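To keep things clear, I will list the structure first and then write my remarks on it.
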Amino acid sequence: MSDTSFSSAAPGEAGLRDFLALLKPRVMSLVVFTAFVGLVVAPVPVHPFVAAVAILFIALGGGAAGALNMWYDADIDRLMRRTERRPVPAGRVSEGEALGFGLALAGISCVMLALAANVFAGLFLAFTIFFYVVVYTVWLKRRTPQNIVIGGAAGAFPPMIGWAVATGGISAESLLMFALIFLWTPPHFWSLALFMRDDYSRAGVPMLTVTHGRPATRGWILAYTLALIPASLALAFSTVGGPLCLAVAVILDALFLRGALRLWRRDEAVAEADGFAAEKRLFRFSLLWLFGHFAALLAERALHLTGWGGWA
Ligand code: HEM
Ligand SMILES: CC(C)=CCC/C(C)=C/CC/C(C)=C/COP(=O)(O)OP(=O)(O)O
């Protein structure tokens with residue numbers, strides 16, 4: 001995974017790839033896609049040049065948040081196998097460089113988004129970066145197993161930022177897109193936490209699998225997956241949804257629920273023996289689930305332009 005990727009540079013010798021890795025590009029690609037969809041499905045058309053510039057600065061803002069997270073978390077990233085080769089814990093980028101890079105990029109991206117789109121969108125991006133870095137990373141991540149439930153809001157804001165670029169505000173539809181990602185984050189992250197528990201335990205991070213164990217986590221994954229279904233259907237029936245969104249939602253929800261039920265029924269000894277194969281599958285499927293929902297919104301919008309998609 002590229003977030004954890006390492007370059008051939010020796011300690012102290014930062015390469016371009018290291019600064020790119022600080023932006024958490026793979027995670028941010030899906031974040032930016034949701035922002036793009038939020039912008040495109042909004043009822044106010046945006047000039048393609050403004051849209052491209054806005055998406056670029058949302059991407060840079062997300063990357064800045066990733067760099068600031070990696071600056072603050074360098075001590076725990078050093079203790080986890082998944083993250084030990086990141087540029088800061090591996091010593092290729094200094095903490096000062098990561099902090100300076102993140103702050104500069106955050107400042108530039110928010111100001112430029114405000115200038116290119118509108119002040120509300122720029123402030124919303126600043127708030128999202130603040131939420132991920134300060135509320136999630138600094139405040140909650142090391143304190144409570146609810147860290148990703150509350151902090152997960154940061155990852156759910158980007159489609160609302162995209163919508164704000166187009167409309168200058170918030171709406172029921174943009175709140176529904178928020179709800180979709182907000183409720184998706186716990187099953188997304190906790191399915192990974194099931195097979196990464198030892199990493200978090202070694203670093204002393206109170207993820208749910210560490211504090212409450214795997215069986216309880218399986219129950220919470222199922223609970224959030226059940227809560228996700230009405231949110232996904234409500235979005236499909238909203239003004240940005242349509243028959244295609246509904247069909248995609250029904251299929252993806254059924255598959256997600258089947259996976260969550262399977263994890264819930266799993267015997268721990270069996271899971272351990274097969275290397276947490278089903279847990280890894282559900283984690284990967286969570287990415288497809290979110291991508292599929294937002295891709296369907298985009299396709300519905302495209303169909304609508306040809307006179308087909310949507311409910312009306
Ligand atoms: C608090 C919220 C979240 C937490 C704690 C979380 C956690 C994680 C972790 C630990 C990984 C493994 C990454 C790695 O190996 O370095 C991951 C992967 C991923 N996450 Fe999340 N995530 C969250 C929210 C999101 C959101 C909102 C999105 C997109 C909208 C997202 C998209 C992804 C993607 C695309 C990957 C796969 C990256 C790859 O293949 O390398 N995540 N997530
Ligand atoms: C536009 C904008 C500012 C977007 C921000 C979006 C956002 C909050 C994404 C969060 C996704 C993410 C990388 C979580 C990782 O948690 P972690 O940091 O605990 O994971 P780690 O252990 O891999 O560092």
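Just so you know, glycine gets a Cβ as well, placed from its N, Cα and C.
Copied over from TrEMBL:
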type	residues	note
TRANSMEM	27-44	transmembrane segment
TRANSMEM	50-72	transmembrane segment
TRANSMEM	93-114	transmembrane segment
TRANSMEM	120-140	transmembrane segment
TRANSMEM	147-170	transmembrane segment
TRANSMEM	176-196	transmembrane segment
TRANSMEM	217-235	transmembrane segment
TRANSMEM	241-261	transmembrane segment
TRANSMEM	282-299	transmembrane segment
Check for me, if you would, whether the transmembrane segment (176-196) reaches the transmembrane segment (282-299) - at least 3 Cβ pairs under 8 Å, residues 6 or more apart in sequence.
yes
Are there residues at least six beyond either end of the transmembrane segment (27-44) with Cβ under 8 Å to its Cβ atoms? List them, or say none.
3, 51, 54-55, 58-59, 62-63, 66, 155, 158-163, 165-167, 173-174, 177, 181, 239-240, 287, 290-291, 294-295, 297-298, 300-301
For the transmembrane segment (217-235), give me same-chain residues lying six or more residues beyond its boundaries with a C-beta closer than 8 angstroms to one of its C-beta atoms, as numbers and ranges.
173, 176-177, 179-180, 183-184, 186-187, 190-191, 193-194, 208-209, 241, 245-246, 249-250, 252-253, 256-257, 260-261, 263-264, 266, 282, 293, 297
Given the transmembrane segment (241-261), which of the listed stretches 120-140, 147-170, 282-299 has the most Cβ pairs that are under 8 Å apart from it?
282-299
